[in-house]
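Structure first, commentary second.
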Amino acid sequence: MFDRNRVGKIPTSTTDVAPGGGIGLASCTGRIGIMSSSTFVGMMFGAIFWGMFSDIKGRRQAFNLTLGVTCFFGFATSFSVSFPMLCVMLLLLGFGLGGSMVVDGALFLEFIPRKYQYLLTFLSIFFSFGALFASVVAVFVVPPFSCSEPSTEPCKGNGWRYLIGCMAGATLLMVLGRVVFFTLPESPKYLLNHQRHEEAAVVLRNIFKINQRDPKRGNFAENVDLLSAQGCRRVAQQNQRRDQQQEWPALYSPSIASDDSDSSIPQRGGATSGPHGGYRPAATTSDEDEDLETGRRRGGGGAGGGGAGIVGIGVAVGGGGQLTPPGSPTLSSSEPTSPSNSTRPLAPSRPADPTLGHRFQRWIGLKWQLLRHRMRPMFTRKYRLTTLLIWAIWALVAFGFTSFNVFLPKYMQEHGATEEGQRSLKDVYIDSAIYSAAGVPGSVIAVVLIEGRLGRRYTMAASTLGTAAAMSMFAALSSRTAMVTFSAIVSLLATLNYAVLYSYTPEVFPSQFRGTACGMASALSRLTGVLAPLVAGALLSVSTSTPLYVAAATFLVSTVCMCLLPVETRGKAAM
């Protein structure tokens, strides 16, 4: 509901969000664009953050947290007292919403067998039902509590508050359903990828019991017993440090590895626990690595005696677990500490208490390295072309659809004004409800087409091409009948297109980086979603039809990209 109706219905009903009155937003196209862009900025960062979060911390946590964040800031948005506050609240609402749309599809896909993967496409029907619900609520809530005519005079129009409050209330019911009434286990594929075999076995047994199957029969019992076996746990422990080094390269110093690097090292000072409960040293910087090498050349070494030397933030951990600053000798566990050594003056490479700006810069650097590492698998030879095309498709489709959807009430209110006069706000919302209802069959049609000869790729291409044609006709004709008809066709085909796109993207990437891949694609779509209202708002000053033709052109380009996709996922199990 929040995504499909981000701020498309709010601006035309918001005429006063300043404490003492202000200019009506319905008459300010620039403010409409800013509100929509604020939501998209939040969705962009939310898609990146929650996508990576789900790959590292788990799908289940992200699944519950994202909806909770969306609900909380939905209520907060309805209580905004100024336009800047409204934009900030919409940004935070978008942060939760952007993650929810990324994580939900990945989680669903990892729980269902191959023959039922088409249901992920069918789930988008609830996207359309949410849009229809919001449109119907807007018909009854917004016009009675909005200013009748745009004016520069103060006007207390609270219809938009009631609309957002209703949507937040519906979201609260969904939060309660997820947390209180329905307990969802962690994704078994995520658990296997993180060497948590016993937990994966428990989840699989519960799935069999829920489906009234005997968990002790056939190959299933053998496979689950294998997951729970002591041998698997020993293999997981042996590979734990290797997996951590692959997943967190920025947190390890390759120059100080030793023969017994897999040995158990007590956690001290700069060391922290790894993502699976094992040891992981704290992050290092290039300056600290240089200091360590200087200390090694002086004879101190980065590793002492019987253990590996680990570099922490501002300290080095020797074999005996002792902490010394970089650049000073690290003592072996078998070497006694002499008074002269203990009183030797220390010369750290940086101040003992770095400035806040320096620490923030270092934190940003580590996060950037982590992001680059998580994205690296997407640019291997196998996935490079698919990744680039998916990114282009998401960006172009989002730009075109947002340019149309955000300003749809304004298009309908002004586009046919020369023939029929200025239309009432209630008539506009009735047309918007028809537009939303037309999208409901799109998901059902998509399920039929993707399992047929067209498959995923060409179903997307055909629907996108049809969307471009219908949008062009909507721009060319100005009668109410034509506008309602072609806007309904746009809604149907765009919903069909998004239904397939939301299922194809998680299907084409493996589970190891599915959340990150989907998150980056969604983030790019939000980035173009930020630009679309601003560009369309500027083009509206030229004519009402200009942004519509530009949007149609972006759909044409995305059609070409869809035809070039190298992988068809029809009939293939998700990895």
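Cβ coordinates come from backbone N, Cα and C, glycine included.
Per TrEMBL, the feature domain 'Major facilitator superfamily (MFS) profile' maps to 1-570.
Residues or ranges marked as transmembrane segment by TrEMBL: 32-53 (among others).
Residues annotated as transmembrane segment in TrEMBL: 65-83 (among others). Sequence-distant contacts of the transmembrane segment (65-83) (same chain, at least 6 residues past either end, Cβ-Cβ under 8 Å): 2, 17-19, 22, 25, 31, 46, 50, 89-90, 92-93, 95-97, 99-100, 103, 161-162, 164-165, 167-168, 171-172, 174-175, 178-179.
Under the heading transmembrane segment, TrEMBL lists 89-112 (among others).
Within the chain carrying the transmembrane segment (119-142), a Cβ under 8 angstroms from the stretch's Cβ atoms is held by residues 1, 3-5, 9, 12-13, 105, 108-109, 112, 159-160, 162-163, 166-167, 170, 425-426, 429-430, 432-433, 435-437, 439-440, 442-444, 446-447, 450, 495, 498-500, 502-503, 506-507, all 6 or more beyond its ends. Taken from TrEMBL, the feature transmembrane segment applies to 119-142 (among others).
Under the heading transmembrane segment, TrEMBL lists 162-184 (among others).
If you look up TrEMBL, you'll see 253-266 (among others) marked as compositional bias 'Low complexity'.
What TrEMBL records for 253-354 is region 'Disordered'.
Look at TrEMBL and you will find 300-322 tagged as compositional bias 'Gly residues'.
Annotation comment: TrEMBL describes 329-345 (among others) as compositional bias 'Low complexity'.
What TrEMBL lists as transmembrane segment is 385-408 (among others). Residues 4, 6-8, 29, 32-33, 36, 40, 378-379, 432, 435, 460, 464, 467-468, 471, 487, 490, 494, 497-498, 501, 505, 508, 517, 520-522, 524-529, 531-533, 535-537, 540, 547-548, 550-552, 554-555, 557-558, 561-562, 564-567 of the same chain lie 6 or more positions beyond the ends of the transmembrane segment (385-408) yet place their CB under 8 Å from a CB of it.
Among the features that TrEMBL reports, transmembrane segment is placed at 428-450 (among others).
What TrEMBL records for 483-502 (among others) is transmembrane segment. Distant neighbours of the transmembrane segment (483-502): 101, 105, 120-122, 124-125, 127-128, 393-394, 397, 401, 404, 408, 411-412, 415-416, 431, 434-436, 438-443, 445-447, 449-450, 456, 459-460, 463-464, 466-467, 470-471, 473-474, 477; these residues of the same chain sit at least 6 beyond its ends, with a Cβ under 8 Å from one of its Cβ atoms.
Residues or ranges marked as transmembrane segment in TrEMBL: 548-567 (among others). Under 8 Å from some Cβ of the transmembrane segment (548-567) lie the Cβ atoms of residues 385-386, 389-390, 392-393, 396-397, 399-401, 403-404, 411, 457-458, 460-461, 464-465, 467-469, 471-472, 474-475, 508, 535-536, 539, all in the same chain and six or more residues away from its ends.
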Within the predicted model, mean pLDDT of the domain 'Major facilitator superfamily (MFS) profile' (1-570): 72
